[in-house]
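Everything below concerns the one structure shown next.
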Amino acid sequence: MEHVVTCWRLKLLSWPVFLIWICLSLASVSLISWDQLPAFLIPSTGDSSLQTAKSRDSMKAPGRLLLLTLCILTFSAVCVFLCCWACLPLCLATCLDRHLPAAPRSTVPGPLHFSGYSSVPDGKPLIRELCHSCAVVSNSGQMLGSGLGAQIDGAECVLRMNQAPTVGFEEDVGQRTTLRVISHTSVPLLLRNYSHYFQHARDTLYVVWGQGRHMDRVLGGRTYRTLLQLTRMYPGLQVYTFTERMMAYCDQIFQDETGKNRRQSGSFLSTGWFTMIPALELCEEIVVYGMVSDSYCSEKSPRSVPYHYFEKGRLDECQMYRLHEQAPRSAHRFITEKAVFSRWAKKRPIVFAHPSWRAK
């Protein structure tokens, strides 16, 4: 549902503004033309006082012309202002490289600069080559028993989320990790077993998303200080954060696709959302493993699996999705996000595997 807010404003404003402008213009031309008529063209009624009054009015024509011209100019300025207001979301989205999900990046030899990701601690942008094939591995319990580990590891780049482990699950989820996208709230979970996640993962790129004071670089937010300590503990560790501009871009995409402002609708974007965005930038072809469709949980007998493959016995996946989708505020919109991913799959080479389903 692209440009929903923008289109609504434009439709609301365009026709009334246009009609009012036309009416004012016609009225102005009519009044000015009548005032400028030569005296011999004024209908004679035999009433000299009427003709005298008309003559006096004709002397006021230049003043009326000036007044009407000023009115038209003022109204035109208001029109321009209202149109700019209506187009503001579209302009903002364009400035933030709005068309990323719909159009693939051009493939050029050599590394590319990705300015939406800032390294810790020097703040430099991410520089790397595109991945020809990517495996995006969901944390879903759908992965249990899949036996897809070797296929996942066969992709050029493997993307994982938060603290999802590989040890003990290699047969189903593989063991390679090229990029791990982490929520700022999940950083402490990785620190519980930091040697597993960081000590032997020098080839892994860590990208942390989050907003607010905890991620503040200037003031040294708590999460950012933790990331700094990690880079000191493990020299050469590749840690990046989403820039504020990139975070705003992700919010804007959500609004463009759903017609809802993320904050006003009480929504929190999931790590899955923040994983698909860089995947669209970094990958030429994407296979998403373990992600169900937006209609899966509304089917008669959906398969019951744990929300996370590494947390057995916890809340059922579909129960978690429904709980968040129906919550009035402070919730992830998992089902809504999956509907968006389905639309993206119509424009980009994205395939969903285990369960396998086609974009609608």
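From the backbone N, Cα and C atoms, a Cβ is placed for every residue, glycine too.
Checking the candidates Cys283, Cys297, Cys318 against Swiss-Prot, the cysteine paired with Cys134 through a disulfide bond is Cys283. In this structure, the recorded positions under consideration are Asn193, Cys283, and the one with the smallest number of other Cβ atoms within 10 Å of its Cβ is Asn193.
If you average pLDDT over the topological domain 'Cytoplasmic' (1-71) in this model, you get 51. Annotation for Cys134 (disulfide bond): spatial neighbours Ala155, Glu156, Cys157, Val158, Leu159, Ala279, Leu282, Cys283, Glu285, Ile286, Val287, criterion Cβ-Cβ under 8 Å with sequence separation of six or more.
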